[in-house]
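Trainee: I have a structure I would like to understand better, so I am pasting it below and will then ask my questions one at a time.
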Amino acid sequence: MKLKASHQQIALRTETIFLLMLGIAILSSFSLVYLLGHFTSQSSAALNLFTQGAQLLVYPKATERNTFLIVAVILPILILFATRYQSGFDKMVYSKYASIALPLLVAAFLFLPIYKSDFLKMIIFGKVFFMLHPTALLFICLSLATLWCFSIGNFQPLDLAPKTTASVTWVIFILAMLLQLLSWRIASINSVSYDPAWTNHADAAFYALSQVVAGKTLLVDLPSQYGLFPELIAPLFKWVGATVLNLSLFFATLQIISLLGLFFVLFKLVKNPLLLILGGISLLTLTFGTTIYFTGSHDQYFQYWPIRFFWPAFSVLVFYYFARKKTLLRAATVSLVSAIGAFWIMDTGLFIFLSFAAYLSARCIILCTSDKSNRLFHLKKYLIAISLHLLITAAVISVLLGGMWLKSHQPLQLHRQFEYQKLFYGLGFAMLPLPNQIHPWMSVLGIYLLGIIISLTAWFQNKKDSIRVDLILYLSLLGVGLFIYYEGRAHVTNLITVCWPALMVMLIATDCTIKRIREKTLAFTQMVIPIAAVSFLLLCNANFIAHVPNMFREMQYVFKTRHDVYFPYIVGELAFIKQHAESKQECLILAKRQSIYYAESGLASPINGPGIVETLLKSDEEHFKRELFKGQLDCVFLGLGESSPFLAIDAEKLTQVYKVSSVNAEHTMLYLTPKT
């Protein structure tokens, strides 16, 4: 009979496998970059697909992309094999030196890349002392973390009433979340400015929704850069109006639901109250653009917060519901969420589907190999769950697409669903390469790698269900999928955007490690990893707490000035459009903030195709200009000066087919009608 390994043995095996897989990942990445670099060529034909302006932003990186995808697929298979034969590593690590060196090496590989990085600068940005003395701040956080971890590992914690502790943690998190939300994330037309946050980001996020609310259908009349979510929420905004205020309130509701869901999962799994509070505040710091807000920019970036974020975050809550009691009905609930998420936006929703499928497959393989007496039972059970997962996802998406087809009475151009993914990730539009030097992106991926190893190692040792182990694996798989967003456009703000699953994995694993050390089932040398993790949490909390007074003042200011118009020209342009559009249902708006004006006025564009900001393909640009210069549009609004559209328009040629019927008071917009 095989003896069950101790927690210390399992920890050392896990750390050894992690270091081994890290070495394999590094070597294979260098080898693949070298090999693929000889077979990858850049096509000028692909570049010619883009408009002239967009061609300047095309940076293909096929070698890097393919290397990442190959390693991401192969490494979990190697991990599965290594964890299956984990006992073979015992001879390598059975020494007092290994018990000290292994956790130190793991902590160093995971957390040292953060030191003096742009990632750290973004986390602590906004306060002069933090920015001038990052090393001192890091030392303070490390000292406090060491003191706390040492005390909790050696002394009994205070005996606090569970209900009181729970209430305090929830109150702190909810108040901090509302402060984060109300200080800057709710806006109205009075808040709209000339900032690129509105003219570029919000304009791209709102256009498809504004057109669907006005009666158009995605994949028939226009593509959508940010998924098919407008088709799901358009009925609501047809009723209440797709104004900037209503949209931001709706997105704020999604923000509250998603953050409360994630914190609920942490509340159930992280038992140390101080660690839970630190984790909750860190979650707020790393999500919904809080670090960008601390730099002084009020860019809500709705296309990620919450459009891309909501369903992956909500899936964690639903997966927790499944992990508590693994039934086919609960598995079907996760599958339903993955299907809706994939329809909502493929960029992130797809990875809910893949992560759950990978989880079910891994669980099936491990149970079938480690519990041979019940192999047929496990195989049947998980094959049914996987088949159900595939069927539910296919059925839900088919029904939703069928509804779009019935609404439009025209066949859907399904290839347009993946058009922007091809332009950005496939052909390299607006992409940025991964930093080649040691960088925190390696830390984020390292946490996911460690999370997968922890889960599989634990599964092979114990066939019994463990909610924490299940969540660590699901979050790690989901995190790897979401990381592709950063891998494509490797800007530090995007790394912060995709690291929230890593934060949750770190919190759950840290809490478990501290608990085992207190129970004396893990050596105290294992505390080095929790010390590093708590230090990072303290950094996030320090900056959030330092900004609380400023957030409170801004919240008060936003409420007091909610009726004030910050930029009269913008409100004036909207009033001008509404005045001359009268009872018209379609008007062409050729101006910055195009989609905001469409949403506020309820108008539809008479020309099918993407919005101005989303017009990247030369074919779309040519189609747009061809329809415009026919001179058959009843109603055209042309922005002037600062309000002129990003798309180059020949004004002289335009006035040959249209006449100027009116000019707004600020002379920033013309109202044009056909000459004939």
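Don't overthink the numbers, they just go from 1 along the chain as shown.
Quick reminder: no glycine exception, Cβ is built from N, Cα and C everywhere.
According to TrEMBL:
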- 67-85: transmembrane segment (TRANSMEM)
- 97-115: transmembrane segment (TRANSMEM)
- 135-155: transmembrane segment (TRANSMEM)
- 167-187: transmembrane segment (TRANSMEM)
- 244-267: transmembrane segment (TRANSMEM)
- 302-321: transmembrane segment (TRANSMEM)
- 328-345: transmembrane segment (TRANSMEM)
- 382-406: transmembrane segment (TRANSMEM)
- 441-460: transmembrane segment (TRANSMEM)
- 467-486: transmembrane segment (TRANSMEM)
- 492-510: transmembrane segment (TRANSMEM)
- 522-546: transmembrane segment (TRANSMEM)
Trainee: State the non-local partners of the transmembrane segment (244-267) in its own chain: residues 6+ outside its ends, Cβ under 8 Å from one of its Cβ atoms.
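Mentor: Cβ under 8 Å, 6 or more out: 166, 169-170, 173-174, 177, 181, 185-189, 191-192, 206, 209, 233, 236-237, 276, 279-280, 283-284, 287-288, 300, 302, 305-307, 309-310, 313-314, 316-317, 320, 471, 500, 504, 507-508, 596, 599-600.
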Trainee: Under an 8 Å Cβ to Cβ limit, what residues of the same chain, 6 or more beyond the ends of the transmembrane segment (382-406), are close to it?
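Mentor: Answer is 217-220, 228, 231-232, 328, 331-332, 334-336, 338-340, 342-343, 353, 356-357, 360-361, 363-364, 367, 412, 414.
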Trainee: Report yes or no: does the transmembrane segment (441-460) come within contact of the transmembrane segment (302-321), defined as 3 or more CB pairs under 8 Å with a sequence separation of 6 or more?
Mentor: no
Trainee: When you scan the chain for residues with a C-beta under 8 Å from the transmembrane segment (522-546), skipping those not six or more beyond its ends, what do you find?
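Mentor: Those are 7-8, 11, 99-100, 103-104, 106-107, 110-111, 114, 120, 123-127, 130, 137-138, 141-142, 144-146, 148-150, 153, 176, 275, 278-279, 281-282, 284-286, 290-291, 294, 506-507, 509-510, 513-514, 516, in sequence order.
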Trainee: Any residues 6+ beyond the ends of the transmembrane segment (167-187) with a Cβ under 8 Å from its own?
Mentor: 244-245, 248-249, 251-252, 255-256, 259-260, 263, 267, 273, 276-277, 280-281, 284, 288, 290, 293, 298, 300, 544, 548, 551-552, 554-555, 558-559
